[in-house]
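Chemist: Structure provided below as structure tokens; questions to follow.
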Ligand SMILES: Cc1cc2nc3c(=O)[nH]c(=O)nc-3n(C[C@H](O)[C@H](O)[C@H](O)COP(=O)(O)OP(=O)(O)OC[C@H]3O[C@@H](n4cnc5c(N)ncnc54)[C@H](O)[C@@H]3O)c2cc1C
């Protein structure tokens, strides 16, 4: 291969990961002679339950120059201001909390929240519930959309809910006329060259598709990276127990709130995600703690559904990551690369970050593997940082009603980084500094998120050990903050997606 020329890229898989990666690599290199071809088997199909995103998906569409008006209607998409967690804690006042996507207004309110959390960690009884300090929480509670009137100069950050099947199809229809090749073929084998690099995909009917660079987006099968090249899979099952999901869509029963709901269940949690056409619901659970039949019955009861309609769909989840996302001339992206679990809806976030980081590392190395090790370390750190944040939801849970929750709360199989983060919280260290020291300058989750999680669960000294704030103590004013956020919220329109 000519080292200075962009590669011929072959993407195996036409799920969201395959099309997102194809669009991004085509945009990076297409104008300079690189080619991108997606090979997918419609008969195998896609997982297609991914329905929630982070603000990274907005950045992706902005990067490609695709307007919301063009893609949102095609994908039944709604706005998402954050996630409401309900039932994860039995502590009084902590029955539910909102994990927001932050915006510039929060730069003014977050220091007060952090300050009060620090006092509360030391046992001083001051207001420190996350719902009071972030604009996204106020907007969601008021069913407001995320885009302010023109005269309000503080943009709110947001993500989306969408139909993953329609998202993949939209991207395919956008990408193919712009030069991305598309072959609907089942891949039966992968041909390696004399050095052990991937040379071609061998397809049904005898077709052979050659390339310089291969992207494995074949889903949990990980056909190239794991099955052919033998890349090691690191399971996360020691500290993430959930391995199954049951999915049941329902019609809307009320107005759309632009938030994901995450409700704790007996052996896991369930999501509710509003699309324009329906509500997506799913129960993510541990098969060691509950059977499929029990999980389905529990979800049906929670949703007020009878035993038969609609039909439930069950999914197996392979939770963990590849040791290296980039092996030889193959990049894995999406479920083939790893999956943590959908609690924070981070899967497509990682796909986009992987594709952009890879494009930059590959190109700055002259389209060679010069920067492969650093890239792999960055991606692994990103996965492990997200995993730790998600594990923390289970580890600090304040429920005691089932073995599942008790085992999670007692789980000692934590990473050293997560142990350090929890120690920092319980020993009153400043969380911003601890986060940077433990997870580096670009941590997977900001200090705001750690504060929201710990404070949202009421992870503070118990009520009976709290002391009233002494006179003269500097306490952030929650009433003034609420009033300020309510005033800001008046600049946002009521949300009505259809
Ligand atoms: C329960 C659950 C909930 C989730 N919720 C979210 C969420 O809220 N937010 C989020 O971002 N993500 C979520 N995800 C993850 C999300 O579904 C995936 O990350 C996303 O859909 C990308 O999947 P993928 O493209 O990697 O794989 P898939 O969708 O499985 O696509 C694999 C592709 O490979 C092709 N393929 C496989 N084998 C062959 C072969 N031999 N020949 C040719 N083609 C082949 C298939 O045809 C398909 O096109 C969730 C996942 C699960 C399991």
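A Cβ is built for glycine as well, from the same backbone N, Cα and C atoms used for every other residue.
Annotation source TrEMBL lists FAD binding site at 14, 15, 16, 17, 187, 335. For 80, the entry in TrEMBL reads 7-chloro-L-tryptophan binding site. Annotation source TrEMBL lists active site at 80. Taken from TrEMBL, the feature L-tryptophan binding site covers 344.
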Chemist: Hey, what's the Cβ neighbour count for residue 187 (FAD binding site) at 10 Å?
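Modeler: Taking every protein chain into account, the count is 24.
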Chemist: Where the criterion is a Cβ under 6 Å from an atom of ligand 1, which of the binding-site residues 15, 17, 80, 344 meet it?
Modeler: 15, 17
Chemist: Please tell me which one of the binding-site residues listed here (14, 15, 187, 335, 344) sits closest to residue 80 (7-chloro-L-tryptophan binding site), measuring Cα to Cα?
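Modeler: Minimum Cα distance from residue 80 (7-chloro-L-tryptophan binding site) across 14, 15, 187, 335, 344 lands on 344.
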Chemist: Rounded to a whole angstrom, what is the C-alpha distance between residue 14 (FAD binding site) and residue 344 (L-tryptophan binding site)?
Modeler: 23
Chemist: Hey, how far is residue 15 (FAD binding site) from the residue listed as 'L-tryptophan binding site', Cα to Cα, in Å?
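Modeler: Each residue's Cα considered, residue 15 (FAD binding site) and the residue listed as 'L-tryptophan binding site' end up 20 Å apart.
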Chemist: At the Cα level, what's the spacing in Å between residue 187 (FAD binding site) and residue 344 (L-tryptophan binding site), rounded?
Modeler: 32
Chemist: Near residue 344 (L-tryptophan binding site), which residues of its chain come within a Cβ-Cβ distance under 8 Å, counting only those 6 or more away in sequence?
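Modeler: Expected: 54, 83, 99, 386, 389, 390.
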Chemist: At a 10 Å cut-off from the C-beta of residue 15 (FAD binding site), count the other C-beta atoms across all protein chains.
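Modeler: Around the Cβ of residue 15 (FAD binding site), 25 other Cβ atoms lie within 10 Å.
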